[in-house]
Amino acid sequence: SDLRQILATKSVENIQFLPFLTTDANNLSWLGYGCLKGDGTLITVNAIGAALQTLYILVYVYYSPAKRPVLLQILLLLAVVVIGYGYFTILVDTGTRLTHLGLFCSSFTITMYLSPLADLAKVVRSKSTRCLSFPLTVTTFVASSSWTLYGLQLHDPYITVPNVPGIVTSLVRFWLFQRYRPEQDKPY
C-alpha cells in the first residue's frame, strides 16, 4: 500500500525509506545464505523479496524531492553488500562461511526490524502514528512470525533468533496504533 500511495500521490511524504533499504539488503544477504545452504525456500522468497524491494526503491528515488540523501544511503548500503560479498568469498574459508554469513544475516535482520522504531519518540511526542506504516507493521509481524516458525522447524538459530525482535517491535507498533488512533490525529 505504501507503493500504491507513492504512485497515487506522486509523493514520498510520510513514507519511511530506511526500512525498505535495509529490507532489500536483508533479502540479498539471506539469498546468499539460502544459496550457500541449498535451501529452496530461502532462495525463492528472498529473490522475490529483493526484486520487489529494489522496485520500491527505484519508485521512491523517482518521486523523492531530495534525491541526494536517498542515493547516498543506497550507495552506502551497496558498498556494505559488496564488502560483505568480498569478505565471504575471499577471506572466509568454506567450512565457516555458513556460520559467518548466518551471523551477518542475523545482524541485518535485527537492524531491519528495529529501524522503524527510530520514529517512536516522534510518535509519543506528537501523539500521532502518521510516520508509521500500518501495512508495513502487519507485514513485518506476519513475516517475522513465519520466519521464526520456519527457523524453529529447521533448528536454525540464524533464522529463528533475529526474527523474534520483528515480532516484539510489531507488537509495540500495534500498541502505538491502538493508543494513538489515526482519527485522533491533530493537524500540524
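Every residue, even glycine, has its Cβ placed from backbone N, Cα and C.
Any TrEMBL annotation is an automated prediction that lacks curation.
Annotation source TrEMBL lists transmembrane segment at 43-63 (among others).
Annotation source TrEMBL lists transmembrane segment at 70-92 (among others).
With a threshold of 8 Å between CB atoms, the same-chain residues lying at least 6 positions outside the transmembrane segment (98-120) that come near it are 16, 18-19, 22-23, 25-26, 29-30, 32-33, 36-37, 84, 87-88, 92, 131-133, 136-137, 140, 144, 156-158, 161-163, 165-166, 169, 172-173, 176. Marked as transmembrane segment by TrEMBL: 98-120 (among others).
Per TrEMBL, the feature transmembrane segment maps to 132-152 (among others). Beyond its flanks by at least six residues, the transmembrane segment (132-152) meets 1-2, 15-16, 19, 41, 113, 116, 119, 123, 158-161, 163-167, 169-171, 173-174, 176-177 of its own chain at Cβ-Cβ distances under 8 Å.
According to TrEMBL, the feature transmembrane segment maps to 158-176 (among others). Counting same-chain residues at least six beyond the ends of the transmembrane segment (158-176), those with a Cβ under 8 angstroms from any Cβ of the stretch are 33, 102-103, 105-107, 109-110, 112-114, 116-117, 120, 123-124, 129, 132, 137-138, 140-141, 143-145, 147-148, 150-152.
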